Amino acid sequence: MIDLRSPNALLSDYVERYAHLSPEPSRQLQQRMDYNVRADAPAEPASKPRWLQSRACTLTPEQALDRAKGALLGLAIGDAVGTTLEFLPRDREHVNDMVGGGPFRLAAGEWTDDTSMALCLADTYVSQGKFDYATYANALVRWYRHGENSVNGRCFDIGNATRNALEGWLREGIGWQGNYDPSTAGNGSIIRLAPTAIFRRHSLSASWWESVTQSSVTHNADEAVNCCQLLAAQLHLALNGADKEETLAPAVRSLRPRPMIINAGEYKQKSRDQIRSSGYVVDTLEAALWAVWNSNNFHDAILLAANLADDADSVAATAGQLAGALYGVSGMPPEWVEKVAWSQHIQKLAQELFDRAPQVDELDALLYGKR
């Protein structure tokens, strides 16, 4: 077990023990790299990697919808519970309910930027029938400038990388490229991921790649993107009927060293004192998965995550996405479902994402000829 804040060189050596979780090169790549193969030899047919094969849904339509609503509503509930302890040192205070307050003096049930950005993402899918980069960037700008999709009509709690990206979009439009530096690997794109997972729930490969695209609007650092991909894969499993053990089991995935170590499940052996809850995306994802793993219901997962403090709203929002996808709205405390702001609107958006979800991955048809 290793500290994920260890130096890169040490982590690169350490992660070799999980080489069995890295995908093998495709047959097409192996052929291109084989110097014994003639240049004019017939190309290997394109085939989808096994590790990107989707999980068959084992839920009834009603159960699947319950989990889809749970993923998006769970994000908002986690955000609303966690904001009470946002920016506080761990254990200075504790929370055992949805009580509001915190640095922004919110009413009980109100949430922060995590949910606002997720609602902008959901609106993009619903209005366009797909993810559209410019539509999403402009939705975020309307939130940033005018408070659209904010619980109190104004933008607050926006992260530095997100602000920098939106200012870049306003200056340069589609030509803006930024936030690639490792120092910008904040959690701003993972905390809003649920709409992508719901809309693309029928296809693991679509969830995997579209989590990259939605992240790239504000966060392009490798670890920010890679952590989105890992959570997207886990949400795909949960939304299609997996239980906690299957969802959080190590799996073959193409990941950088720190996300790979999280994928391998080392957080399952860590104590609370070994878990960080900062806004660094690696810390946020590890803390969220630790909270889900060490609980057996939605309520306890949210409180475990929120009481880690520091970036408590984002850790709890990330945990809430996965716990909501595992336990559904039916597994949430009814008083939280009722109290969280915009509850019915959020559930309605989740239903629209669910109903409009494509049955096939268009990229599969392009790459592998599948219809």
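Backbone N, Cα and C atoms are what each Cβ position is placed from, and that goes for glycine too.
Marked as region 'N-terminal extension' by Swiss-Prot: 1-61. Residues or ranges marked as region 'ADP-ribosyl hydrolase domain' by Swiss-Prot on the basis of a curator's inference: 70-362. Annotated Mg(2+) binding site per Swiss-Prot: Thr112, Asp113, Asp114, Asp157, Asp313, in sequence order.
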Next item on the list: Would you count the other CB atoms within 10 A of the CB of Thr112 (Mg(2+) binding site), including those on all shown protein chains?
Entry: 27
Margin query: Can you give me the residues near the recorded Mg(2+) site, meaning same chain, not Thr112, Asp113, Asp114, Asp157, Asp313 themselves, Cβ no more than 8 Å from the center of the site's Cβ atoms?
Written below: Asp79, Thr83, Glu86, Trp111, Thr115, Ser116, Phe156, Ile191, Ser314, Ala317
Note to self: For Asp114, Asp157, Asp313, listed as binding-site residues, tell me which one has the smallest number of other Cβ atoms within 10 Å.
What the structure shows: Asp157
Next item on the list: For Asp113 (Mg(2+) binding site), write down the residues of its own chain that are at least 6 apart in sequence and whose Cβ falls under 8 Å from its Cβ; none is a fine answer.
Entry: Cys155, Phe156, Asp157, Ile158, Gly159, Thr162, Gly188, Ile191
Note to self: DSSP secondary structure for Asp157 (Mg(2+) binding site), reduced to helix/strand/coil, please.
What the structure shows: coil
Next item on the list: Tell me, roughly as an integer, the mean pLDDT over the region 'ADP-ribosyl hydrolase domain' (70-362).
Entry: 97
Notebook entry, point to check: Reduced to three states, what secondary structure does DSSP give Thr112 (Mg(2+) binding site)?
Noted result: coil
